[in-house]
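As recorded in Swiss-Prot, the features of this protein are as follows:
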type	residues	note
BINDING	Cys43, Cys44, Cys108, Cys139	[4Fe-4S] cluster binding site
Amino acid sequence: MSLIEFPLLDQTSSNSVISTTLNDLSNWSRLSSLWPLLYGTSCCFIEFASLIGSRFDFDRYGLVPRSSPRQADLILTAGTVTMKMAPSLVRLYEQMPEPKYVIAMGACTITGGMFSTDSYSTVRGVDKLIPVDVYLPGCPPKPEAVIDALTKLRKKIAREIIEDRTLCQSQKKNRSFTTRHKLYVRRSTHTGTYEQELLYQSPSTLDISSETFFKSKSSVSSYKLVN
């Protein structure tokens with residue numbers, strides 16, 4: 001039996017052959033084809049809108065803004081997220097196909113910003129709702145900072161392994177939040193129902209008995225309240 005002889009590769013054919021792995025090929029194809037879903041609710045989004053102009057030209061990064069979460073693999077949250085908006089944000093994230101990424105842009109998105117101290121309707125950080133890949137602080141961040149965040153995300157994608165991310169996503173459970181911002185395991189939000197188990201109560205009235213509270217209210221006449 002004669003051995004199989006392979007032809008030798010000359011200089012022309014060797015330059016046209018690429019040896020790589022499936023992970024590197026997948027990561028390379030996703031580096032320059034990020035399709036973001038723009039979730040702008042406040043002034044931080046104005047800074048991102050300036051990237052569309054010719055000065056920064058975010059088209060060179062392959063960014064194609066999409067209006068449907070089913071066609072996007074990146075969601076960029078910019079601005080304040082309230083309790084009423086939270087279920088919609090979680091549903092948009094769940095409708096995005098894998099792999100998907102999140103950039104939290106601005107102080108209001110990351111920590112609640114100036115609303116984090118005495119506002120009962122503001123979410124203190126979007127990472128309590130959806131997992132965040134890149135945090136972009138600022139009030140508001142400059143367009144150069146947004147480009148730097150996109151660059152860091154591209155580097156993170158380049159080092160990613162498909163099996164690890166798939167395993168990590170499969171281990172995650174559905175999450176929900178309360179006004180005290182504690183996470184609990186709940187059923188999927190695809191059902192369209194959202195449970196609000198806790199109502200907000202002012203800390204000043206929590207320790208006051210109902211009898212004392214109504215006595216203090218009855219001591220003020222309606223005439224004084226109106227006038």
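Note: Cβ is positioned from N, Cα and C throughout, glycine not excepted.
Here the features listed in Swiss-Prot are placed on the structure.
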residue	record	DSSP (3 states)
Cys43	[4Fe-4S] cluster binding site	coil
Cys108	[4Fe-4S] cluster binding site	helix
Cys139	[4Fe-4S] cluster binding site	coil
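Other residues of the same chain near the [4Fe-4S] cluster site, with their Cβ within 8 Å of the Cβ centroid of Cys43, Cys44, Cys108, Cys139, are Ser42, Ala78, Gly79, Thr80, Gly106, Ala107, Thr109, Gly113, Gly138, Pro140. Within the same chain, residues at least six positions away from Cys139 ([4Fe-4S] cluster binding site) with a Cβ under 8 Å of its Cβ are Cys44, Gly106, Ala107, Cys108, Gly113. The Cβ of Cys43 has fewer other Cβ atoms within 10 Å than any other of the binding-site residues Cys43, Cys108. Neighbour density for Cys44 ([4Fe-4S] cluster binding site): within 10 A of its CB lie 26 other CB atoms from the protein chains shown.
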